[in-house]
């Protein structure tokens, strides 16, 4: 039987661009694991993507995943926009390079072996897991230790 996993994610950025962090919670039955990191210079969207990527990459076998995010950018990007981006060679409808393509490609790879239900939750609205992820993300942003090597301030 396929494992049923819940993932909750959030990203934060102080300045946008600026110091940023992500937080994620991975829950399987009664087990829970949290993920968090901070970057010296990044964007909010990159941190939202990283939260989902890191949690999904932690899964070691195919799972049925419910992934909750407060980022419409992540949810719409992975459920709607990515298909055409890939058809166009990672270009937008107006033929410009997709922003954050390094992370979109990594997320695309991370989802391949899983069945994922992408759920949007309103941020800062009292959703307990989203609030915890927000706290983890802000902690990361407030004490960065990593360079976001893929960040391109074009």
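Counting starts with 1 at the first residue shown.
Yeah, the Cβs are placed from backbone N, Cα and C, and that goes for glycine too.
Going by Swiss-Prot, these are the annotated features:
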- 1-142: domain 'RNase H type-1' (DOMAIN)
- 10, 48, 70: Mg(2+) 1 binding site (BINDING)
- 10, 134: Mg(2+) 2 binding site (BINDING)
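When the domain 'RNase H type-1' (1-142) is classified with DSSP, helix, strand and coil residues number 56 helix, 49 strand, 37 coil.
Distance from the CA of residue 134 (Mg(2+) 2 binding site) to the CA of residue 10 (Mg(2+) 1 binding site) is 6 Å. Here the binding-site residues are 48, 134, and the one with the most other Cβ atoms within 10 Å of its Cβ is 48. Of the listed binding-site residues 10, 70, the Cβ environment within 10 Å is emptiest of other Cβ atoms at 70.
The record gives 10, 48, 70 for Mg(2+) 1. Within 8 Å of the mean position of their Cβ atoms, the other Cβ atoms in that chain belong to 9, 11, 12, 47, 51, 69, 71, 74, 123, 130, 133, 134, 137. Calculated from their C-alpha atoms, the gap between residue 48 (Mg(2+) 1 binding site) and residue 134 (Mg(2+) 2 binding site) amounts to 10 Å.
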